[in-house]
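Undergrad: Here's the feature list from Swiss-Prot:
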- CYS292-CYS304: disulfide bond (DISULFID)
- CYS298-CYS314: disulfide bond (DISULFID)
- CYS378-CYS403: disulfide bond (DISULFID)
- CYS382-CYS388: disulfide bond (DISULFID)
- 345-428: domain 'PAN' (DOMAIN)
- SER534: phosphoserine (MOD_RES)
- SER642: phosphoserine (MOD_RES)
- SER797: phosphoserine (MOD_RES)
- SER803: phosphoserine (MOD_RES)
- 589-606: region 'CaM-binding' (REGION)
- 1-22: signal peptide (SIGNAL)
Amino acid sequence: MREIHSLFSLSLFLISSSLSVALDYNVITPKEFLKDGDTLSSPDQVFQLGFFSLDQEEQPQHRFLGLWYMEPFAVVWVANRNNPLYGTSGFLNLSSLGDLQLFDGEHKALWSSSSSSTKASKTANNPLLKISCSGNLISSDGEEAVLWQSFDYPMNTILAGMKLGKNFKTQMEWSLSSWKTLKDPSPGDFTLSLDTRGLPQLILRKNGDSSYSYRLGSWNGLSFTGAPAMGRENSLFDYKFTSSAQEVNYSWTPRHRIVSRLVLNNTGKLHRFIQSKQNQWILANTAPEDECDYYSICGAYAVCGINSKNTPSCSCLQGFKPKSGRKWNISRGAYGCVHEIPTNCEKKDAFVKFPGLKLPDTSWSWYDAKNEMTLEDCKIKCSSNCSCTAYANTDIREGGKGCLLWFGDLVDMREYSSFGQDVYIRMGFAKIEFKGREVVGMVVGSVVAIAVVLVVVFACFRKKIMKRYRGENFRKGIEEEDLDLPIFDRKTISIATDDFSYVNFLGRGGFGPVYKGKLEDGQEIAVKRLSANSGQGVEEFKNEVKLIAKLQHRNLVRLLGCCIQGEECMLIYEYMPNKSLDFFIFDERRSTELDWKKRMNIINGVARGILYLHQDSRLRIIHRDLKAGNVLLDNDMNPKISDFGLAKSFGGDQSESSTNRVVGTYGYMPPEYAIDGHFSVKSDVFSFGVLVLEIITGKTNRGFRHADHDLNLLGHVWKMWVEDREIEVPEEEWLEETSVIPEVLRCIHVALLCVQQKPEDRPTMASVVLMFGSDSSLPHPTQPGFFTNRNVPDISSSLSLRSQNEVSITMLQGR
């Protein structure tokens, strides 16, 4: 569909708005003023700067200073978008320092370029203000150095040569912000920016929403993988994507003298307008194009397609099944899909090629920054890390190059018939495709069928025998370990849990469901039941029994016994009536039950529990999966660390190791473990630091979203610390108690020390416990792990990130 846009009324208004003689400048100096009715034009007479009104009928006196295309008329930049002038007495002045200053008739400043610029003012030599032929309003030092330019401060429009992205050195970010309405240029509901977590990707977000609205995807050398319309434009435009340690940006330039602009409108649509030969703006394409373009409409491992009724339809990728059969429809599509056959890294998973896909969300990905790895190199790297779920080339030109790895579920995919990219997904079986045309004979088929039946019968019989043998062997192993651990029979546990009734279901752990139960003597228990289809659960079960059986500490959950029957394995723990920590801190209503005293008690308790594992138990134990969901709370809200299935023990002075099988929870893993498989006691320290920040803020690290930037929780808190800004915390009554604020700030300081990038920089848990118990000065933290230097928002908060003891009722200052 093509649309033609014209605003002749605005043009007529601009011509007639001034009662005095209108002047058209080519250059403005500090000695000159741009009055309402005057204009500043580009050398080629394509762009103009001046005053205009957007609402002639209801608000004709509301005037804006902005840049526009002269013919056909289109506003591309507005200076005072938040603060319109009233009447036609406003004027623009260029100061001797090169600052643009907008005043009303009473000489009150309404806007200045210095308020938007991050550059420090300096003495300017003969500053000039002019418009380039590309539409860039430039304040320059004479004819050379740029003091300020409008291209650094986009509004809702991107012109040829402008950038979208981020300069990490100067902290300059280039993003689009929609207008509120067609007649109100103040910031609207939508922003378009470059997300630099993992492989950079263009994302559209509705302000205030935690998730994306639309993801144009990552750059693959030719276009963004979620914007096929841009791929179709390759003959009209040259696209440029720059990625370095200092800057990541995207820009475009037209071919064949095409005049074009990209506009983010007030409804969240990205429009490409092209000037026609008839001198009109024609809508060339729109993104999102259809409902399937909206973010993760079908959930994990699913693709969206438009059906014959022109409505979205979700389907699982081949080899996957709906996560919830009852809820698998378009209204509940976000539930997504799961593997039909679970992956099992130890049994050498296969990678299956899925062609023509929109690359999944790369927020939690790793990529080859130098773009030098081959696809085979990429496969080897992904295969060596059990947490790697898929891989692909970063650049599809010249046969493909570069490496992109995903960790976690793959979301926001769709299939394209003539667009998209190959993605290689980890599967729990080797997929073999037969493409031959020969017809198999009936005799051969019969023989094969009989052989298959015999093999299946033998396999079932052998499995039954092996189940009994393994169960008995495991039971003997437990007894030989002399663990002094009661072994319950299955009947007792079945009676205690009312045959594992749904009413007694407490939740799902790493390897299976957990049920509440009550023994005959009245003791309440929690039964962790190993899931039958858990590929790695038996080994973790054995590990957990052997590790925790003889551990005794008030901040560790107590193991009461186990149950083994065949390959059915269950752990019986003391029951924690208040569930887990995440049940409280991440819920707005329930979090009010945790005042600061209780939160601090939980922090101290977890610290003492980890210290016991690292230093005071008979073996040095690294938990490897410390998170809010694995901290249980008793009747008095005392914390108890649970779930030792992934823990590793060491004897003597050993305190670190490496593995190819990276397991745990992303968001809590330190970088050296998640990327290289290297873990140590400092891995738990990192997880503990993340947990402390989550307890204080009530936000999850990995799921943290902010309307104004793409930082995770660690990056968000770190930026607030470095810039002496304030941090958001729950609106709780305990924040009104001035006496707790120094303690809260000290906890944040300690947490930042725990999550530092390098393990050798992190304190030991013994040092952490001492830090909490004293008022001694703390070292300055360095940059945390998994931090990328991105945009920092304006925060309204109740704590200033300072660690010294200068206290006031509303704010803390000084570090």
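Here the Cβ of each residue, glycine as well, is placed from N, Cα and C on the backbone.
Describe the structural context of each listed feature in the structure shown, including burial, neighbouring residues and relevant distances.
TA: CYS304 (disulfide bond) falls within a strand when secondary structure is assigned with DSSP.
According to DSSP, CYS314 (disulfide bond) is assigned to a strand segment.
Within the same chain, residues at least six positions away from CYS403 (disulfide bond) with a Cβ under 8 Å of its Cβ are TYR367, ASP368, MET373, LEU375, ASP377, CYS378, LYS381, TYR391, ASN393, THR394.
The local packing around CYS388 (disulfide bond), expressed as other Cβ atoms within 10 Å of its Cβ over all shown chains, amounts to 23.
Across the domain 'PAN' (345-428), the model assigns an average pLDDT of 90.
SER642 (phosphoserine) falls within neither a helix nor a strand when secondary structure is assigned with DSSP, and so counts as coil. Within 10 Å of the Cβ of SER642 (phosphoserine) there are 27 other Cβ atoms, across all protein chains.
Listed as Cβ neighbours of the region 'CaM-binding' (589-606) (distance under 8 Å, sequence separation of 6 or more from its ends, same chain) are residues 554-555, 581, 583, 626, 631, 633, 637-641, 688, 691-692, 695-696, 698, 730, 732-735, 737, 740, 743-744, 747, 769, 772.
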Undergrad: Quick check for you: of the recorded positions CYS292, CYS304, CYS382, CYS388, SER642, which have their Cα within 10 Å of the Cα of CYS314 (disulfide bond)?
TA: CYS292, CYS304
Undergrad: From the disulfide-bonded residues CYS292, CYS298, CYS304, CYS382, CYS388, pick the residue whose C-alpha lies nearest to the C-alpha of SER642 (phosphoserine).
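TA: Out of the listed candidates, the nearest Cα belongs to CYS388.
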Undergrad: What Cα-Cα separation, expressed in whole Å, is found between CYS388 (disulfide bond) and CYS292 (disulfide bond)?
TA: 26
Undergrad: Give me the Cα-Cα distance between CYS298 (disulfide bond) and CYS304 (disulfide bond), rounded to a whole Å.
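TA: Their Cα atoms are separated by 6 Å.
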Undergrad: What does DSSP assign CYS382 (disulfide bond), in three states?
TA: helix
Undergrad: Restricting to the same chain and to sequence separations of six or more, state which residues have a Cβ under 8 Å from that of CYS292 (disulfide bond).
TA: CYS304, GLY305, ILE306, PRO312, ARG414
Undergrad: Including all protein chains displayed, how many Cβ atoms other than that of CYS304 (disulfide bond) lie within 10 Å of its Cβ?
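TA: Excluding its own Cβ, CYS304 (disulfide bond) sees 24 Cβ atoms within 10 Å.
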Undergrad: Suppose we draw a 10 Å sphere around the Cβ of CYS314 (disulfide bond). How many other Cβ atoms does it contain, all chains included?
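TA: So the Cβ neighbour count for CYS314 (disulfide bond) comes to 23.
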